[in-house]
């Protein structure tokens, strides 16, 4: 090619639509003006709040017009097949990263930033060592414009309330108990902590007091089971429980149980919970008491990852179903099972983590196996989120007489 | 606790978008067959309030879809999914002659969309909305870089798309109101074109020396782009509006330095002293002040200033010498410049010279002078403050709201396709006609 012709070469046109979206919305990536019928790699790069780099990529061939779109079939990369959102859900730490990383946004008032690029050839490593042919930036937001975020520090309860934008009408509410083992203080938390939190929400002037639901993941789901069955103080309108257990240790209050007492009973806590199956059996043997799930009086949605390696989600859900049926209340219970999904069923397009590190009490770092295979786990996140939103819409916005099993 | 609450759901998707992107507005769970008003409200940067609204009837399921349902009244009528934006107007009681223009392109325009019971036309602040959402409308995509340029005496801002480049570029010229209006250039960069918006009337050099810029000022701006490491020097276009069209045509035809890949001219004319620059064009117009008309509402009409189209070639750009593709966009109700008469004359000149294949002419009925990016609120008149000083006056721009807004949407899309075709060599087979005359 002549020098004049080289001077006239312009970059391919890479566009992302929409460039700004909520994290549960889809986007489309399009690259145009490429040489036709050649190999290219689409790549996404994200720098986390913890300063770790995460990436995903797919291998494509441009068509005769010189265009590549991720709806095309990809045979290689961190995802395969026709996967328009693969550049997000298959994100993983770049080679050489610290072990056991987990991606979680702490500041929800700012967006996640992804650099989407196109490279020549089918690359697997070395993306940062060479210049892409073109790139674009996509913003993914956890908050819509106008949503108000208010920190709560009241009666020893710490939390955050998020108000939808606009109107002054009171609103139905969802109380989210989201934490996993080790993420709260391991000093014993009394069960009335959660009842106090529930009442702070219920009594708020902008909240419809008989329309407060609970969404809980992991230990948060356990809290929801406790409140729905045992609490004399709170009456949730509905509950969404993701991969929780219903074990009630020795009949004591919920947070007289701490993880120290778990460890006392566990034979061995190894660096990887490869003995997790043994561990689960040991829990089942030791804890003969369970929350009496037949006592629920509100609709409850159970979300189970069938490959959950942290909590025996399927066995727990089977047991809960048995108890609820025995009490003649199966119309209240809805269950969603996801084969191949692990413990951490998060919002759509969030990366999947099979194993991550966390700090146990007293600075003991362990690697926890959460389970799941990436593709089925990501499908579970996408499917369950919409069903959870529909479930909350049904039970928090509609009249009781219209509520029915999904 | 008051258990009375409202089930009505309102969604606007997407909640964050570029200003030239459409949104979908949906209402659900209203009482079946209810009369509803959907309203948009915006607080401008200079603290004025703008609003638009449509009167609807929802269906038997209590749903409303602004992409399918008819507005029966309000600031717009018919099936108009974007009417809540393009029909925005100052709220009653506002200062007269306002115009909505975004000065800071790094922040979004925030619009609150609300639903009210009944068909309301006023006193919205005294009603309780059934539901409301906030949407952000952006002039800049994430990753676009905004770079003020003051080298070589220029007063300009460069917008670069994200990525390594290299990019084609557009030199963006606005009209006689002056100032550095960045929003078109930032949008172009959001679509993959580097863009340099140039202030040539109220720029620093003119303000400090009192002298208007000569033609070499524009050539310096062009060279700045041509030599930029992330710009392909052989793929530069110029886009002028109003007075900016006059300079674009002059440079495209006569400059030995400026070699354009293509040019875009909105709402302007080729009528000017060809041997001269900004000052000479202004003086030429100044000599014909008797042609200015004023309406009974004290609105000034400038369009006759340079009419009739002169026969003397010294007073119109020799379009037969143009060597690059040119897209000319004309509002047939332009009350500020004789854009239609000029376009007709340019067409004849080019047909006689044999280069009319370079010309794409788009004319829009009932469309005024200020053909802006899509969904920008339309104004028929606004106050103009002359530079360097003098009494403000009201200018008549022309056009009718709905037709003008459709023209903005269509012209923008066609201009982006034109730029993609000539600056990126990307031909879109859907656009083959050269003129819609």
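These residue numbers are counts, starting from 1, taken along the chain as shown.
For all residues, glycine too, the Cβ spot is worked out from N, Cα and C.
TrEMBL has this to say about the protein:
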DOMAIN    B:216-424  domain 'BAAT/Acyl-CoA thioester hydrolase C-terminal'
ACT_SITE  B:242  active site, charge relay system
ACT_SITE  B:334  active site, charge relay system
ACT_SITE  B:369  active site, charge relay system
So what sits near residue B:334 (active site, charge relay system) in its own chain, CB-to-CB under 8 Å and at least six residues off in sequence?
B:267, B:303, B:340, B:367, B:368, B:369, B:397, B:398, B:399
What three-state secondary structure does DSSP assign to residue B:369 (active site, charge relay system)?
coil
Sequence gap of 6 or more, Cβ distance under 8 Å: name the residues on the same chain that satisfy this around residue B:242 (active site, charge relay system), in order along the sequence.
B:174, B:175, B:176, B:266, B:267, B:268, B:336, B:337, B:369
Mean per-residue pLDDT computed across the domain 'BAAT/Acyl-CoA thioester hydrolase C-terminal' (B:216-424):
95
With DSSP assignments reduced to helix, strand and coil, which class does residue B:242 (active site, charge relay system) get?
coil
